[in-house]
Amino acid sequence: MALFPTFRLPPGLNRLTWRQLFLLCVLLTALMYFLRLRRPMTIRSVSRFRSGKGHDPSHRPTRTMWGAPMVWGDSEPAAHQRAEFAQRSFRVGLMVLAVGRYTHYLTRFLQTAEMYFLPGLPVNYYVLTDNPNRLVPAPELGEGRGLRVVPVAEMPGWERLARRRMNLWASTIDNQAQQEVDYIFCADVDQEFANLVGTEILGKLVATLHPQHYAQPAYTYPYERSPDSRACVLDEEGDYYYTSELYGGLCSEVLTLTKVCSQLILQDHALGIETRELEESYLNRYLIDKRPTCVLSPEYSWWESPVTPPVPQKRVISLGRRCASLKDQGKSSFNC
Ligand SMILES: CC(=O)N[C@H]1[C@@H](OP(=O)(O)OP(=O)(O)OC[C@H]2O[C@@H](n3ccc(=O)[nH]c3=O)[C@H](O)[C@@H]2O)O[C@H](CO)[C@H](O)[C@@H]1O
Ligand SMILES: [Mn+2]
């Protein structure tokens, strides 16, 4: 019997051997790879690219590949978690840094947080600022909500503050927050809350997907690639790219994260190394070594830009990054 038996195609077509069919498949597969994989990709990103998961913004998984919840506020699992936390007692901290001209964002940040950030639940705001007078008189807060003003002697400018912020977060948690709250969230002050952010965001270690990279394949993530840096991510590493605008979790977890990152930042700085995305590079390195137990969808960090895919609800909006990504005519309509 022949090794490659022949078979009959529908009438009108020639007879092909299995061998010819096999060669045709190999040829087609090679052609597909040639057309689609013109850039080097990691094994993991190739499989994600193939599965298409990184490319379809309407695909909204509710779990990460390691089984942690991926939170979309209107989903069934999010509603389930809100119901579960309604039975528990806890306190949450929301921490921001406002130095120099960034203090003008404070009013909007606090006002919108009062409307949408865990409304009706016990929350402490920790405002680290070089200008405590900005908060005199103190803004009106709901019942059970408190404001802690933490004076910091820092010079404005993100290039410098990006090296200092993790350290400032760590000392505020260590000295004060961990005695007062169970969960703590670190946020950029140039943001506003635009829709409900409830207890679905609470978890041991919580990170937020960067909206501009969420729908992209992993090989495009702006991880630090320089092998000299403590934030270096190898080609085969990394699941998602997280934003530095919102992350949090249990005080003990966030304390460890901020301590570890600030040490790595200092070590790199001592060697004159600056990473591609500053503080965000170290956050992403850390979250590869210690995967978050809860991943917030880009609903919790969003801004209009030509490369940001739509989300069901815009819950937290970055005003600063929106301005940075707009062209001149757009800037005036958003008061940039
Ligand atoms: C436009 C720009 O450069 N964007 C970069 C910046 O994100 P961002 O544009 O989000 O940085 P940002 O200017 O919002 O600064 C971060 C936060 O630091 C605080 N702050 C900053 C400066 C200052 O003078 N006073 C002050 O209080 C404030 O809370 C602010 O929200 O950093 C990221 C990494 O971390 C990425 O590299 C972004 O590409
Ligand atoms: Mn920002």
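Just so you know, glycine gets a Cβ as well, placed from its N, Cα and C.
A C-beta separation below 8 Å, combined with a sequence spacing of at least six in one chain, links E280 (active site, nucleophile) to Y242, T243, S244. The active site, nucleophile annotation in TrEMBL covers E280.
D188 (UDP-N-acetyl-alpha-D-galactosamine binding site) falls outside any helix or strand according to DSSP and counts as coil. Taking all protein chains in view, 22 other C-beta atoms sit within 10 angstroms of the C-beta of D188 (UDP-N-acetyl-alpha-D-galactosamine binding site). Annotation source TrEMBL lists UDP-N-acetyl-alpha-D-galactosamine binding site at Y102, D188, V189, D190.
Here TrEMBL flags D188, D190 as Mn(2+) binding site.
The transmembrane segment annotation in TrEMBL covers 16-35.
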Cβ-Cβ neighbours of V189 (UDP-N-acetyl-alpha-D-galactosamine binding site) (radius 10 Å): 23
Whole-number Å value of the largest CA-CA distance among Y102, D188, V189, D190, listed as UDP-N-acetyl-alpha-D-galactosamine-binding: 10
Candidates near ligand 2 among the recorded positions Y102, V189, E280, judged by a Cβ under 6 angstroms: none
